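Feature annotations, courtesy of TrEMBL:
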type: BINDING; residues: H314, D316, H371; note: Fe cation binding site
type: COMPBIAS; residues: 188-202; note: compositional bias 'Polar residues'
type: COMPBIAS; residues: 206-217; note: compositional bias 'Pro residues'
type: DOMAIN; residues: 296-419; note: domain 'Fe2OG dioxygenase'
type: REGION; residues: 167-220; note: region 'Disordered'
Amino acid sequence: MSSSILLPNTPEYKKAQRQYLKATKNRPATIDQEWTPFRAAEKRFKARFPPPDLSSVLDLASADGSRAQEIIDGHWQGSPTAVESVKLPLRNDKRRSNAYLIPAIPGLVILPSFISQDKQRSLVRWSLSRHARKPNDTNLDVHYVLPEAGLWNSWLEARKDPQKDVLVQPRASGSQPVESPPSGPRQLVNNEPASPESFQAISTTPKPPAAPSPTVQPTPVSSLVHKMRWANIGWFYHWGTKQYDFTKGPGTIDEELRSVCNDAVQAVDWEKVHGSSTADWGPKGPDWQTWHQSYEPDAGIVNFYQEKDTLMAHVDRSEVCATSPLVSISLGNAAVFLIGGLTRDIEPVPILLRSGDVVIMSGPACRRAYHGIPRILEASLPRHLRAEGLQGDEGKEDWKPYEEYLETSRININVRQVFPRGFDPYAGSTDS
């Protein structure tokens, strides 16, 4: 499976044009006036036709000569000056790399190409092969009895021997009554923001397991791989209530991932980021002075995007520690990232994120800002994530399944700190 850019005068372009004209034929001319600024930006970048104009998108890689070939290979390009940014040298960095602050979004830090090419490949392997399997829940576990070895590892075996492309059985059997979801539009969950004060109420809120779909059919492993959308990290996130289910225990954070996240947080001079902040940090005041010592990643998620997937505007407010850094790692195809303010009525800043880039959201304003991914940029997989970019025939052959998957995918690993250091969720106390 591969993807391509829509080029004028091609059959694909003309087909997309016909579909666009058909879809918009009866659309009211004033419909965009009903959208919030955030929704309008999502629509603009999500559109398949005409292909979105990225000239308004901040693309820090385009100012880095060492990434010129990556940009050429990836086709898509924004502008390094589309949005105001401030260069911030990294601490204790022998490569003399820089982070970038976005004055319009206080607390947002971008670390372009922070993850080395070797580490990117290692994290891709970790995400698919070692992490997306028991005991870590995925979106498919609710509906299917997945192989013990994990879906990805089973697919690798099926690639070698089609006889091993076994049928994965649905979790809901025909003999078991399953509660059907309510009809009508999907109900949005507006969860209460977590805090030390609300922790006891949130932790005792019932969090029943999701019901498996009664319509799911036995499905080959090969057909399920591209339907994987997320895998839980650390504390279990309950999607039905948009709160953590602390009864399941803390889980574990892989040491390689923990090291990457800690390195990113340690590399930033937080005095330069928040030293002049006048934001409301809560009753105990700012805590950024301690992050080099107190940052402790304990939860997160691996998102598996296919090229037509999106992540609509949302706010992360399930963590008791509402200001500490959220570290987000991009792998695979590039994407447009939107981040705005405390409501959807604030115009979002568009940023082009490429494989190896790290984004850190920190502080009260940024951690509570609406953000989302309206577009995975097709055909933007960099050469170092292709088999041709590796040394040795054995390494190339081993990497081919990963390249095949990444051709139309983006992996995002985002990790956060649920509790302030010293907070005991089992003590029934709000003391930190």
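Glycine residues also receive a Cβ, built from the backbone N, Cα and C atoms like all the rest.
Those TrEMBL annotations? Automatic predictions, nothing curated.
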Composition by DSSP (helix, strand, coil) of residues within the compositional bias 'Polar residues' (188-202): 4 helix, 0 strand, 11 coil
For the Fe cation site built from H314, D316, H371, further residues of that chain with CB within 8 A of the site's CB center: A313, V315, A369, Y370, G372
Per-residue pLDDT averaged over the domain 'Fe2OG dioxygenase' (296-419), given as an integer: 95
Among H314, H371 [binding-site residues], residue with fewest other Cβ within 10 Å: H314
Intrachain C-beta neighbours of D316 (Fe cation binding site), sequence separation six or more, cut-off 8 angstroms: L326, M361, R367, R368, R416
Structural state census, the compositional bias 'Pro residues' (206-217) (DSSP three-state): 0 helix, 0 strand, 12 coil
